[in-house]
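These features come from TrEMBL:
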type	residues	note
DOMAIN	A:21-438	domain 'DUF112'
TRANSMEM	A:12-40	transmembrane segment
TRANSMEM	A:46-70	transmembrane segment
TRANSMEM	A:110-133	transmembrane segment
TRANSMEM	A:139-159	transmembrane segment
TRANSMEM	A:166-185	transmembrane segment
TRANSMEM	A:197-217	transmembrane segment
TRANSMEM	A:258-279	transmembrane segment
TRANSMEM	A:318-341	transmembrane segment
TRANSMEM	A:353-373	transmembrane segment
TRANSMEM	A:379-401	transmembrane segment
TRANSMEM	A:408-426	transmembrane segment
TRANSMEM	A:462-486	transmembrane segment
Amino acid sequence: MSFSWSYLLHGFYLAFTPLNLLYALIGSVVGTLVGVLPGIGPTSAIAILLPLTTVLPPIPAIIMMAAIYYGAMYGGSTTAIVVNIPGEASSVPTAMDGYQLARQGRGGPALGVAAISSFVAGTLSLVGLTFFAPLLANVALAFGPPEYFALMFMALSLVISLSGRALLKGLIATALGLLVAMIGLDPLTGEARLTFGTVSLMAGVNFISVIIGLFAIGEVLVNVERAVASIYENKIRDWLPTKEDLKQSWGAMLRSSVIGFFLGLLPGCSPAVTTFIAYDAEKKVSKRPHLFGHGAIEGVAAAEGANNATCSGGFVPLFSFGIPSGPALAVLLGGFMMYGLQPGPMLFKENPDLVWAVIASMYLGNVILLVLNLPLVGLWARIALIPFPILGPMIILFSVIGAYSVRFLMFDVWVALIFGVLGYLMRKLGFPLAPMVLATVLAQMLETSLKQSLVLSNGSPLIFFTRPIAAVFMLLAVVMIAWGLWLQFSGRGAELAADDSD
Amino acid sequence: MLMRTQRAADMVSGALLAGLGLLSLVASLNIAGVTGEHLHPRTLPYLLSLVIFVTGLALLLSGWRYRGEAKIIDWPGREGWKRILISLASIVVYLLLLEPLGFTLSSFLLLVFLTWYLGRYHIIFIILLGLATAVVIYFLFIQFLGLTFPVGPLGW
């Protein structure tokens, strides 16, 4: 199955049906909202809404979830520029230059360039997704359980090694995430594992609760400790960038599209990571690097472009291999699983309607978001001023609704609360959250493919090293971990602080 | 304070993790299994517990050996801790009341209390806000989406 125009056209046909269009619009609005409001990110928003979407058919539900994700990437720029509050970690570089521009009275053009760059990069990388994903899915079709296991193993290793200075903590977070997922009944034999004899734990710990806790509740707790900050507001007069602005930014838009898209293919490279890389790269090629951090419009273009390109890029491994590249996509993968869908090569074969409708809806979503963001910027900036004492309790309430409605068990709500406290502590102590989330979501697939591989090889783990593709992945994984560990213990990585993720 | 620096925190959390690893190591050994399986149900939990035990020790050790500049952890101040603990306590009370009082009523109480505690706005404003949210949530989630939340003695 290679790319075919008829599939894409059919996808557009589906995306244009009223129901799907409506949910793309809802997703875009919610996504922008999530991007604008500090204290709630796309990961927690998707996790909270996921159980609620089960009343919908899969196509509109997934369209909405995807739109929330890329919509948040648009929304984050508004508050970063206008009030210097990055709603998302990935909007921090935008705030560096955007807010300076706003103070110089050029907030309008900065917002304009941010929206245009988001649109250009988002659309360009969607083209990449459209042609790349089916191609990779073809490759993935040749994968057996050993290759899959090795690929997931490598993905987790990559995420761990991208934890940077906190490599050891990344490893711990991954192992904890996997261990938590083991609680409950063994998927094959039905043996109770790590339940300590309690009945509640038999049903296992639901990963949606884990994610709602780590991201939504944990984030609220981080915000609770701070008193509300006073906010300086800028007037937005004219949002149209000048010819000069566009001339300065178009190179950055294109470069950041490429950087964002290709880095977005890698697990662990979430927008929070790639925007910083693209911003740095732009500073290096710039003829006026001294302006960066003091109001360089191309800095805004680079950060916002990379943001959205990464977002679409991440859908490539998700659709073709079923491997999420970051926390938000991990939750989306969980969404697929709730519908009994298994992302991966077979998805293109068995559910072409779903894949292509979602891809087509992303083209539409980008247009919707451009329209939503340019003229309505003032409105979004105003919404961002909702004070936290009003927002925080509501996020808690929504988290409880989300956690409860997965299986309608109070147990899941308590689990979310416990992981909320854990998430708060992890943030403070420098443990990265992304590896834990990825591990929790991938655990079941990982275990199943390991079991199937061992059945194939009659119990010998050598199978991962005798099949060439699997062997390459395993080798890469081992090299990455070893290299990271060496850095950690050779003193070079001895600094103990970690960078916060997402 | 006990874990003021990153170094101290690493040592404490390393020790705790090693303990957790040990605990789940013992628990993994108790997992019963079927013979003839290529992957025993206990194998993965056992291996992961071992990893957590060893990495916990490694974290403890790396904190011990760390001789660089002390990094102060950004813990909240006295006031911050109070806000966190009271917020957490109110959430716990909320969850305990969820079943006896019903979802809508207990949610209203949580919203009113937390918003008042965190923001100290005018009480009338807070009550109206809580009321509006509770009503919207009731109609959106219970009536429209048909989710079955615990209902209280009044039926909502």
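Cβ coordinates are placed from backbone N, Cα and C, and glycine is handled just like the others.
Values in this document were obtained by computation on a predicted structure and should not be read as measured data.
If you count C-beta pairs under 8 angstroms between the transmembrane segment (A:139-159) and each of A:46-70, A:197-217, A:353-373, A:379-401, A:462-486, the highest count goes to A:462-486. If you look at the transmembrane segment (A:166-185), the same-chain residues 6 or more away from its ends with a CB under 8 A from one of its CBs are 156, 159-160, 191-195, 201-205, 207, 210, 426, 429-433, 435-440, 443-444, 446-447, 481, 484-485, 487-488, 493, 496-499. A contact links the transmembrane segment (A:12-40) to the transmembrane segment (A:379-401), because at least 3 Cβ pairs that are 6 or more residues apart lie under 8 A. Summed and averaged per residue, pLDDT over the domain 'DUF112' (A:21-438) gives 88.
With Cβ pairs under 8 Å as the measure, the transmembrane segment (A:408-426) is packed most heavily against A:379-401, out of A:46-70, A:110-133, A:258-279, A:353-373, A:379-401. Scored by C-beta pairs under 8 angstroms, the transmembrane segment (A:258-279) has its highest count with A:110-133, from the stretches A:110-133, A:353-373, A:379-401. Sequence-distant neighbours of the transmembrane segment (A:353-373) (same chain, 6+ residues past either end, Cβ-Cβ under 8 Å): 7-8, 10-12, 14-16, 20-21, 24-25, 27-29, 31-32, 58-59, 62-63, 66-67, 70-71, 74-75, 78, 111, 115-116, 118-119, 122-123, 126, 129-130, 133, 308, 312, 315, 319, 341, 347, 380. Beyond its flanks by at least six residues, the transmembrane segment (A:379-401) meets 32-33, 36-40, 44, 48, 52, 75, 78-79, 82-83, 85, 87, 212-213, 216-217, 219-220, 223-224, 228, 231, 233, 236, 373, 413, 416, 420 of its own chain at Cβ-Cβ distances under 8 Å.
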